[in-house]
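Annotation comment: TrEMBL describes GLY34, ALA36, VAL37, ASN41, SER292, ASN324, LEU389 as Na(+) binding site. Annotated compositional bias 'Basic and acidic residues' per TrEMBL: 596-624, in sequence order. Annotation comment: TrEMBL describes 626-645 as compositional bias 'Polar residues'. The annotation disulfide bond is assigned in TrEMBL to CYS139-CYS148. Residues or ranges marked as region 'Disordered' by TrEMBL: 586-645. Residues or ranges marked as transmembrane segment in TrEMBL: 28-46, 58-79, 100-127, 209-227, 236-256, 289-306, 318-343, 377-398, 419-445, 451-474, 495-516, 528-551.
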Amino acid sequence: SDNGAVPGEPVKKDENSRRGNWGNQIEFVLTSVGYAVGLGNVWRFPYLCYRNGGGAFMLPYFIMLVFCGIPLFFLELSFGQFASLGCLGVWKISPMFKGVGYGMMVVSTYIGIYYNVVICIAFYYFFMSMTNLLPWTYCNNPWNTADCSGVVGSGHQLNASLANATTSLVAGVSEVVNRTKRTSPSEEYWKHYVLNISDDIGNFGEVRLPILGCLAVSWCVVFLCLIKGVKSSGKVVYFTATFPYVVLTILFIRGITLDGAINGIKYYLTPQWQKVLDAKVWGDAASQIFYSLGCAWGGLITMASYNKFHNNCFRDSIIISITNCATSVYAGFVIFSILGFMAHHLNVPVSEVADHGPGLAFVAYPEALTLLPISPLWSLLFFFMLILLGLGTQFCLLETLVTAVVDEIGTDWIIRHKTIVTLTVAIAGFLLGVPLTTQAGIYWLLLMDNYAASFSLVIISCIMCICIMYIYGHRNYFKDVEMMLGFPPPLFFKVCWRFISPVIISFILIFTVIQYKPITYNDYVYPGWSLAIGFAMALSSVICIPIYALYKISRSPGATFRERLKNACRSHPKWGPALQEHRTGRYAPMASEDTVEARPLKEKEELKEELKEEEKEKERKDEISLTIQGSNGSTNTHNNPNPSA
């Protein structure tokens, strides 16, 4: 039937009518780009790049992309697409490892809570930019202190001469001068007005109502975009994933035409080749690739699970990974051209104005924008871009949790009422975000950012690789991929999956542990109890893995521990393509003895049993029919067996 569509036009139907699919391939690619490209591309990569040898950092960065980033990305996409299940359901591949899926959910929950708080602060700045004079331009506001000195207007000449004097002085004196470093109006606006920051992580003070309001706005936006799951978010990403590039380009053109922009970009890109020999630089490159692509968050598996079975996710993974890294490099130009202009204006080296994290987005860059003509326009554009970059990631974090819950329960009711699950998760996320809008909120936000999703992601990813390649078996997995894509994974990827990527991931883990320094915020040192909470958050996702594994082994059939272990690792009979029409080869439903050979060993025994049962059943039926025929002719010697038995 035509479903009321144009007569003669084929109606576009979902391949998987129960779960739904993406409207088309572009929606999937844009969503994944929006997911991988986030705030870190703007506020982390440019800073890492200049700190780790400028252009020289690109070499380890791209090597890590090729040997670790793209292979892991392809592994997660193919994994989710093959089974058409979220980050919990896919572990039918080896039920004992389902704890990895729970770990991914825990990580996505933490990130989802604090990420939306960052988006809401961007919303706040966006609304505050709708004036003819940005509120962080001058020092004459009630929240400013005596140390404040602006970069706009009168203070400028004095500042320049002071800076010249400082540079000519000897190191000892300059240290004294630096100690009484100026605070900028944007920094005071951020600290004393927006956050009204308290002196300690335990001192919550009051909830900042404007930020709480913005948090409600950002959760509403995320919920409305996901109201129909991937059907609605797939349409929204046409805008949220592409428009940041328009804004980046506008800001790039504006930035590159300013005085001093070239110095900033030189500072960002000048290669210091001696740094390539430094292990720390390689560690940073690997970590940045790993965290920035969103591996082990569960989002990639979830997004790919809504693809059609035969979609070429190999091509997609390469396109998305390279786009993500190119965006980071491009954002560096945008950031450093403006920072170079500001350093030129203040007559200080670029390193003094360069910052990373929230400090870059809400202090350094907004301050530089006050120097431009029509500064509110550039400010609106910049914060609008941050909002869109954040939302693209936030959609996937929420969808990951919702899909995992819906797939896991899997009843018709919950599939029909998926929106209710989405609403529940959104409300919970909002309530859990409320403590982050208090006066101590920024301390907690940075604590979550540093601990909740750092080394735990590395462990989760490593275990996932080992499970698929060594427990399930690389040969099986390569066959699965071939069955799905029509070609086996290229040799390079086979080698990376089995050897190189797990080694690089282990290297990131070791590097993270060696490099570990307790977190600080400006001059504030976090107390021991808060670090303990940080570690507890980090462990809470990893601990799911051994706990669930032990639970699964204890519940598996078998006389000895070894038998139970084997049964717990064995893939579930339902593992494989979701739809019957794709279950061919070793996933085909078995009918007769000769096709048994094609099945994996573990299932052969069960099948032989079933066939034996069928044979017995047949014999009994023959016997019954013979008996009945006999009794028609003469008196039956047997007790006539009950035919319905």
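Note: Cβ is positioned from N, Cα and C throughout, glycine not excepted.
Checked against CYS139 (disulfide bond), the binding-site residues GLY34, VAL37, SER292, LEU389 differ in C-alpha distance, with LEU389 being the nearest. Beyond the transmembrane segment (528-551), the same-chain residues lying 6 or more positions past its ends with a Cβ under 8 Å from any Cβ of the stretch are 96-100, 102-104, 106-107, 110, 201-202, 443, 447-448, 450-452, 454-456, 459-460, 463, 518-519, 568.
Segment contact holds for the transmembrane segment (58-79) and the transmembrane segment (318-343), given three or more CB pairs below 8 angstroms at sequence separation of 6 or more.
Stretch with the largest number of CB pairs closer than 8 A to the transmembrane segment (100-127), among 289-306, 377-398, 451-474: 377-398. Of the ranges 28-46, 236-256, 289-306, 377-398, 451-474, the one with the most Cβ pairs under 8 Å to the transmembrane segment (209-227) is 377-398. Straight-line distance linking the Cα atoms of ALA36 (Na(+) binding site) and CYS148 (disulfide bond), rounded to a whole number, equals 38 Å.
Segment contact is absent for the transmembrane segment (318-343) and the transmembrane segment (377-398), given fewer than three CB pairs below 8 angstroms at sequence separation of 6 or more. Other than GLY34, ALA36, VAL37, ASN41, SER292, ASN324, LEU389, the residues of this chain whose Cβ falls within 8 Å of the Cβ centroid of the Na(+) site are, in sequence order, VAL33, TYR35, GLY38, GLY40, GLY294, THR327, SER328, GLY392, THR393. Cβ neighbour count for LEU389 (Na(+) binding site): 28 (other Cβ atoms within 10 Å of its Cβ, all protein chains included). Taking a C-beta cut-off of under 8 Å and a sequence gap of six or more, VAL37 (Na(+) binding site) has these contacts in its own chain: ALA241, PRO244, THR323, ASN324, THR327, LEU389, GLY392, THR393. The transmembrane segment (377-398) and the transmembrane segment (28-46) are in contact, since at least 3 Cβ pairs between them lie under 8 Å (pairs 6 or more apart in sequence). Residues of the same chain lying 6 or more positions beyond the ends of the transmembrane segment (289-306) and with a Cβ under 8 Å from any Cβ of it are 19-22, 28, 31-32, 35-36, 38, 40-41, 44-45, 61, 64-65, 68-69, 72-73, 76-81, 83-87, 89-90, 101, 104-105, 107-108, 111, 230, 313, 321, 324-325, 328, 393, 396-397, 399-400, 403-404, 453, 457-458, 460-461, 464, 505, 508. GLY34 (Na(+) binding site) sits 38 Å from CYS148 (disulfide bond), taking the C-alpha atoms as the reference points. The Cβ of CYS148 (disulfide bond) lies under 8 Å from the Cβ of CYS139, ARG182, THR183, SER184, PRO185, GLU188, each of these being in the same chain and 6 or more residues away along the sequence.
Outside the transmembrane segment (451-474) by six or more residues, the chain places 72, 75-76, 79, 93-94, 97, 100, 103-104, 107, 110-111, 114, 290-291, 295-297, 494, 497-498, 501-502, 505-506, 508-509, 512-513, 519, 534-535, 537-539, 541-542, 545, 569, 571 with a CB less than 8 A from a CB of the stretch. Counting every protein chain shown, the number of other Cβ atoms lying within 10 Å of the Cβ of GLY34 (Na(+) binding site) is 28. Counting Cβ atoms from all protein chains shown, SER292 (Na(+) binding site) has 22 others lying within 10 Å of its own Cβ.
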